[in-house]
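Following: one structure in structure tokens, then a few remarks.
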Amino acid sequence: MSTRAGRRVAISAGSLAVLLGALDTYVVVTIMRDIMHDVGIPVNQMQRITWIVTMYLLGYIAAMPLLSRASDRFGRKLLLQVSLAGFAIGSVMTALAGQFGDFHMLIAGRTIQGVASGALLPITLALGADLWAQRNRAGVLGGIGAAQELGSVLGPLYGIFIVWLFSDWRYVFWINIPLTAIAMLMIQVSLSAHDRGDELEKVDVVGGVLLAIALGLVVIGLYNPQPDSKQVLPSYGVPVLVGGIVATVAFAVWERCARTRLIDPAGVHIRPFLSALGASVAAGAALMVTLVNVELFGQGVLGMDQTQAAGLLVWFLIALPIGAVLGGWGATKAGDRTMTFVGLLITAGGYWLISHWPVDLLNYRRSIFGLFSVPTMYADLLVAGLGLGLVIGPLSSATLRVVPTAQHGIASAAVVVARMTGMLIGVAALTAWGLYRFNQILAGLSTAVPPDATLIERAAAVADQAKRAYTMMYSDIFMITAIVCVIGALLGLLISSRKEHASEPKVPE
């Protein structure tokens with residue numbers, strides 16, 4: 001195989017791997033009910049199923065910086081093959097967990113999948129940088145990034161499609177096995193085993209472990225296995241969260257003092273870099289809150305089945321890529337800062353509208369400039385999705401502009417890590433607070449039931465009360481999400497202008 005053909009095969013295989021990892025990040029949000037049924041989780045303990053999302057994200061975030069650096073030391077080919085093998089093993093465990101009804105195996109499988117997926121994006125980005133000259137590199141790296149973003153758009157729809165095709169959610173994970181095998185074969189025949197530099201890169205193991213510990217403690221501290229109306233956190237929540245804060249401080253101190261760091265700050269413009277990452281955290285939190293809670297609103301409040309509720313997300317997911325295209329074009333005219341600010345403000349407006357959804361939402365429509373009307377839920381989700389899409393390109397572009405060229409791979413990964421961190425903490429925090437708020441609202445509602453009411457009438461009254469409590473809970477969650485987006489928009493004002501670029505660090509002769 002020629003060098004040119006070999007590198008195209010290699011980068012295609014890497015992009016396929018990135019797409020698989022991205023799909024599996026989001027695929028479970030539309031098949032949660034089926035998974036809950038097969039692993040024995042009752043509907044009134046829905047908070048337990050969020051672990052299949054949080055543990056995947058935690059593994060993803062913890063593995064990404066460590067394994068991307070490890071590929072500098074041990075070679076792209078070896079780390080890609082190991083990561084793909086791990087992804088296949090995690091997929092098998094997840095599918096078998098459904099077969100045996102084993103919740104703990106399910107969580108273990110998703111965690112292994114997350115760790116493996118966390119390595120695929122940065123290593124493939126680094127591989128693209130290795131195989132293409134700098135002048136031709138932007139298009140290649142953009143294609144890899146597009147595979148990641150495509151997964152976020154298609155993931156929920158992919159889950160619905162596979163379940164419709166095979167009538168079994170386990171095939172979502174079984175189908176990963178042949179696809180992973182194809183990617184591994186393509187990498188095996190297209191890459192040399194000696195694909196690392198002469199100088200072995202050091203790996204910041206301590207920094208990676210501290211970051212993983214900090215995020216893990218925060219997630220555990222926020223998770224309340226027995227939510228009620230009296231307290232948001234479990235009895236052990238506060239000391240565990242304090243431990244997470246201590247680990248975060250230790251991580252920051254280590255990264256400041258260590259010789260080997262996850263990201264070398266030399267030449268990086270810190271303020272705009274951190275501001276762009278902060279805005280990415282806000283965007284990630286909003287994205288995951290939408291993917292999880294819109295479907296639950298459809299099922300719990302509107303009485304839809306799983307497929308109908310997941311169909312609500314189609315409007316949001318259609319708007320995302322449209323917004324991404326418009327955001328990329330708009331950033332070339334108005335700049336990344338303006339597009340990020342405007343995009344997140346539009347997103348905040350969308351969530352403000354969603355926070356006002358009533359119990360009888362299906363009866364409401366919105367007038368579009370007096371010309372025609374569309375169902376309110378579709379219009380509001382389109383606004384939120386369009387706004388989030390607008391910031392995808394500008395945030396990545398703004399981050400790369402203030403980082404030296406040599407660190408573009410790890411900087412691109414940092415944007416994804418920031419977004420994933422927002423998703424992880426957002427779903428953990430709002431799930432904990434939302435369930436507390438639901439029980440609090442439910443305890444405060446009173447339903448007048450006649451003393452001579454039948455059992456069916458009493459059950460209907462209780463169901464109506466729960467539906468009202470759910471509506472009020474989701475209203476609060478989406479209002480908080482709108483506030484998070486406003487904070488992200490303000491951070492967007494601090495990102496770099498088009499004239500601000502990183503200074504390349506001097507290399508000693």
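Cβ atoms here come from the backbone N, Cα and C positions, even for glycine.
Residues annotated as transmembrane segment in Swiss-Prot, with sequence analysis given as evidence: 48-68 (among others). With a threshold of 8 Å between CB atoms, the same-chain residues lying at least 6 positions outside the transmembrane segment (48-68) that come near it are 21, 24-25, 28-29, 32, 35-36, 41, 79, 83, 103, 106-107, 110-119, 121-123, 126, 203-205, 207-208, 211-212, 215-216, 219, 223, 225, 262-263, 288, 292, 409-410, 413, 416-417, 420-421, 423-424, 427-428, 431.
The transmembrane segment annotation in Swiss-Prot covers 78-98 (among others). Under 8 Å from some Cβ of the transmembrane segment (78-98) lie the Cβ atoms of residues 13-14, 17, 20-21, 24, 35, 38-39, 67, 70-71, 105-106, 108-117, 119-120, 123-124, 127, 169-171, 173-174, 176-177, 180-181, 183-184, 187-188, 191, 193, all in the same chain and six or more residues away from its ends.
Within the chain, the transmembrane segment (112-132) has long-range Cβ neighbours (under 8 A, six or more residues past its boundaries) at 7, 10-11, 14-15, 17-18, 20-22, 24-25, 55-65, 67-68, 71-72, 76, 79-80, 82-87, 89-91, 93-94, 140-141, 144-145, 148, 191, 195, 408-410, 412-413, 416. Annotation source Swiss-Prot lists transmembrane segment at 112-132 (among others).
If one looks beyond the transmembrane segment (146-166) by at least 6 residues along the same chain, the residues whose Cβ comes under 8 Å of a Cβ in the stretch are 15-16, 18-31, 34, 121, 172, 175, 287, 291, 307, 310-311, 313-314, 317, 320-321, 324, 392, 416. The transmembrane segment annotation in Swiss-Prot covers 146-166 (among others).
Annotation comment: Swiss-Prot describes 171-191 (among others) as transmembrane segment, evidence class sequence analysis.
Summarising the annotation, Swiss-Prot assigns transmembrane segment to 203-223 (among others) and lists sequence analysis as the type of evidence.
The feature transmembrane segment is assigned by Swiss-Prot to 232-252 (among others). Sequence-distant contacts of the transmembrane segment (232-252) (same chain, at least 6 residues past either end, Cβ-Cβ under 8 Å): 207, 210-211, 213-218, 220-226, 432-433, 436.
Sequence annotations record features per position, and here Swiss-Prot assigns transmembrane segment to 309-329 (among others) based on sequence analysis.
Sequence annotations record features per position, and here Swiss-Prot assigns transmembrane segment to 339-359 (among others).
Positions annotated as transmembrane segment by Swiss-Prot: 381-403 (among others).
Cβ atoms under 8 Å from those of the transmembrane segment (410-430) belong to residues 25, 50, 53-54, 57-58, 60-61, 64-65, 68-69, 121-122, 125, 141, 145, 148, 215, 218-219, 222-223, 262-263, 273, 276-278, 280-289, 292-293, 395-396, 399-400, 403, 477, 480-481, 484 of the same chain, restricted to positions at least 6 beyond its ends. The transmembrane segment annotation in Swiss-Prot covers 410-430 (among others).
The transmembrane segment annotation in Swiss-Prot covers 477-497 (among others). Away from its own ends, the transmembrane segment (477-497) comes close to residues 269, 271-272, 275-276, 278-279, 281-283, 285-286, 289-290, 293, 335-337, 340-345, 347-352, 354-355, 357, 387, 391, 395, 398, 401-402, 426, 430, 433-434, 437 of its chain (Cβ-Cβ under 8 Å, at least six residues beyond either end).
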Long-range environment of the transmembrane segment (309-329) - Cβ separation under 8 angstroms, sequence gap at least 6: 29-30, 149, 152-154, 156-157, 159-160, 290-291, 294-299, 302, 339, 343, 377-378, 381-394
